[in-house]
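Novice: Heads up, here are the entries from TrEMBL:
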TRANSMEM  A:70-87  transmembrane segment
TRANSMEM  A:99-119  transmembrane segment
TRANSMEM  A:126-144  transmembrane segment
TRANSMEM  A:150-173  transmembrane segment
TRANSMEM  A:194-214  transmembrane segment
TRANSMEM  A:242-271  transmembrane segment
TRANSMEM  A:283-304  transmembrane segment
TRANSMEM  A:310-329  transmembrane segment
């Protein structure tokens, strides 16, 4: 039933997680060799240790432009995949994804307000972050009984409500803003800098570390609330805590990169198919695979058309759709 | 464990009505009664999943509502009537969740200790060779034995079981109850089959409409009058040829008999 030993999967993913961002840095409008990339990273570390030495221009392109982008893709993929995996466990719904609780709709509304009027005094990422946090806060308050059904229904209701408000603001707003909002909502890593990477990077690392410690109670939740309760799990605090952590991760990522769908849905499915969801390595494998996949999707989005970059969100949606259609076909064949 | 004046009601029905009884250490207590009489609700109050409207449950003279989830799971383990294990969990992975009560959230159980503990309970329930099988691929009897094994990992003082033999064939029913009987811990189980309850339980509690109608040894509780009073079925009760416990034979139309 299983294709991979969990340790074997980790042994494959770990080197991939190191090599993929390096390849992501090396390939672009002007290709740079991997040796040059590694050399630039080495020289930058030396420059940081010895303030007298100066960085050359080529190193600056690698370190200041391409590296934050590759790392942002890695962090974004890992964060969305981990969020999806956790939400699928706490809602016992294999179709749950990080945007289930109105996070995307809240972020879009924040971004639209930043672009069209109301909140122009704040930068777009901050408005998007605040929008998604407010959406999640409302969902959490509505679903404070901790029941899965209430949580999902509240998320769907808030999502539709915020989307309709966002559309209304756009309808009466500046037509140019609509273009800007569309570009933002399709997702891109082109705005990634060390500055924009800092907040989502720190949040994703800390949240993933905390979630890793709660893997066992999360696995117990997969057998239902009542069963988890009998194992000594405080179900309500665990579910709300995990919801807040995943909301923080997703909000910070949406604010920095826009709405990138399907990764949070697809990657946990792939890991589950490969090693199952209850292995102690599954969370790390999910994070690594999400990160690696996103780096390669970003690379594809940059290189598939000459001198033009496709939105990452469109690429992930296409990949995700093909993946799920393939899964469906395979299942139908299996039933025959 | 002491249950004192327990009351619990839904918006339209009183489910538990002033229930009081005591479970002695080492006893195997069976809860009997027709469908919808409140057996599962009573057990849910006893394992802290539901809070009673009034009354309380004491464990070693402490109100269970004041005991933390983790500490309670170390004293009382539960095997539910239905455990929806999904996400392709293997037997070993499911069992590992039975060790949650032995660790704080920032701690991780040593892999070797975990393996030894899981192997011990797998051997106890005779499923050593099924450790890496996916839960859903096991037979009903094997699934139930595995869930009992997970409960035993909690090292409880009391084991509560909600209809542990439900949906199992006769062979598995006897096998599961033999397994539970030989555990040498306090057991409280809701059971539908009167003859199995009579054969395996030390004490029985007979419920009707949320009230405790009769309690005592199988011989005291399983009388033709009380069975007809509760279930509306005429019976003949004699002594089982292989033991001292009562044997119930149901009467059908025209006085035909069938030993069940």
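Placement of Cβ uses the backbone N, Cα and C atoms for every residue, glycine included.
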Novice: Is the transmembrane segment (A:242-271) close to the transmembrane segment (A:126-144), in the sense of at least 3 CB pairs under 8 angstroms with a sequence gap of 6 or more?
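Specialist: Yes, these stretches are in contact.
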Novice: Given a Cβ distance threshold of under 8 angstroms, which distant residues of the chain, six or more beyond its ends, lie next to the transmembrane segment (A:242-271)?
Specialist: 9, 72, 75-77, 79-90, 94-99, 101, 103-104, 106-108, 110, 124-126, 128-129, 132-133, 136, 139-140, 151, 184-189, 191-192, 196-197, 199-200, 203-204, 207-208, 210-211, 214, 218, 277, 282, 285-286, 289-290, 293-294, 311-313, 316-317, 319-321, 323-324, 327
Novice: Do any residues of this chain, six or more beyond the ends of the transmembrane segment (A:99-119), have a C-beta under 8 angstroms from a C-beta of it, and if so which?
Specialist: 87, 91, 126-136, 138-139, 151-152, 154-156, 158-163, 165-166, 169-170, 173-174, 177, 180-181, 184-185, 243, 247, 250-251, 254-255, 259, 261, 264
